[in-house]
Amino acid sequence: MTNIDFLLSRFSSVALRDPVPDDQQLHQILSAAMCAPDHGRLRPWRFVVIPKNKRAEWLKSVEQSMTEQGYDYPESYIKKVQHNFSCAPMVIALGMRKITEKTSVSIDEQLMASSAAVMNVLNAVHALGFAAKWITGPIDNKGVVQHIGFSEPYRMLGFLFVGTLCDAEQTPPRLNVDDYVVVWDGKPAQFKVDQ
Ligand SMILES: Cc1cc2nc3c(=O)[nH]c(=O)nc-3n(C[C@H](O)[C@H](O)[C@H](O)COP(=O)(O)O)c2cc1C
């Protein structure tokens, strides 16, 4: 497969199974974050790998946090979170540090750099023959965020589920990029997809 075919063949999957990347592969995968475009070289992205042997303990704390007073999650959502996170072969929590000291780079730009870092990680996962999905999860829950270590001055950006694709999954049909691109002709751009 050529490099461009490789890029064009990545897709997200939540129906993942073992095997997962080994320690050395995971190190390589997360190293891809360090190649993300990053205004001011602030390196705002942060990752917390939740190891399999800590998953049950962590999920217990998630359940506690989600059933705390002040939150009103439907029972079905709590069950879904528990189910999805216990089935995921590997879970990585995604975050960023909001850097405000000695920089004029905005938090928005840091968020963009962190998102680019996650995209690099997704591509690295794919490059090593694995698959992944970025999900939001219960990142609106203070207890969950705090337990992982992403309270202020950090911001939580979701979770990656990582594993191996089930055999039946194929690259989905792609949209036509021409609907999302215009060559500027001196007038404000009008995109086919928005007409
Ligand atoms: C920041 C972010 C959060 C996301 N959260 C969820 C989520 O909670 N649940 C979900 O099904 N998809 C979520 N997605 C979308 C999937 O990661 C994925 O991009 C989508 O299913 C489309 O698949 P594709 O990556 O193959 O185009 C999220 C994507 C991003 C960028």
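The backbone N, Cα and C atoms fix where each Cβ goes, and this holds for glycine too.
Over in TrEMBL, the protein carries these features:
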BINDING   Arg10, Phe11, Ser12, His39, Trp134, Ile135, Thr136  FMN binding site
DOMAIN    17-163  domain 'Nitroreductase'
Listed binding-site residues with Cβ under 6 Å from ligand 1, out of Phe11, Ser12, His39, Trp134, Ile135: Phe11, Ser12, Trp134, Ile135
Structural state of Ser12 (FMN binding site), classified by DSSP into three states: strand
Conformational class of His39 (FMN binding site) under the three-state DSSP mapping: helix
Secondary structure content of the domain 'Nitroreductase' (17-163), with strand meaning DSSP E or B: 72 helix, 30 strand, 45 coil
Averaged pLDDT, computed only over the residues in the domain 'Nitroreductase' (17-163): 97
Pairwise Cα distance maximum in Å, FMN-binding residues per record: Arg10, Phe11, Ser12, His39, Trp134, Ile135, Thr136: 27
For Arg10 (FMN binding site): intrachain residues, at least 6 apart, with Cβ closer than 8 Å: Leu122, Asn123, His126
